[in-house]
Every structure is written in structure tokens, then in C-alpha cells.
């Protein structure tokens, strides 16, 4: 999957690890949405 920035990772992608994965059709079972705003396409989810 494509990594994405969770709210807990920090305000920007620079110098922060991307702990989320982008899912186009919502987070799968056992995962949760870890970003309140964005991404534009899909959901940023993590286990």
C-alpha cells in the first residue's frame, strides 16, 4: 500500500515516519482512520 501521514506522526511528512496506509474504500477490519483531515482520495488507516 501507499504510506500516509497519520495525525500522530506530526504536522508534515518531512522528517517524520509515515505510519499509515492509504485505503481507497475505507479502513479494513481491525484498522482505524488515523487522520482527521485528508488524504483527498481514500482514508489514511493504521492497525
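The backbone N, Cα and C atoms fix where each Cβ goes, and this holds for glycine too.
Keep in mind the model is a prediction, meaning the values are calculated, not measured.
These features come from Swiss-Prot:
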- 4-44: disulfide bond (DISULFID)
- 6-34: disulfide bond (DISULFID)
- 27-45: disulfide bond (DISULFID)
| field | DSSP state at residue 6 (disulfide bond), helix/strand/coil | value | coil
| note | Here the Cα-Cα span from residue 34 (disulfide bond) to residue 27 (disulfide bond), rounded to a whole number of angstrom, reaches 10
| remark: Here the Cα-Cα span from residue 4 (disulfide bond) to residue 45 (disulfide bond), rounded to a whole number of angstrom, reaches 8
| Residue, out of the disulfide-bonded residues 27, 45, whose Cβ gathers the largest set of other Cβ atoms within 10 Å | 45
| request: Select one residue from 34, 44: among these disulfide-bonded residues, choose the one with the most other Cβ atoms within 10 Å of its Cβ. | output: 44
| note | For residue 6 (disulfide bond), the number of neighbouring Cβ atoms whose distance to its own Cβ is within 10 Å equals 21
| note | Taking all protein chains shown into account, the Cβ-based neighbour count within 10 Å for residue 4 (disulfide bond) is 22
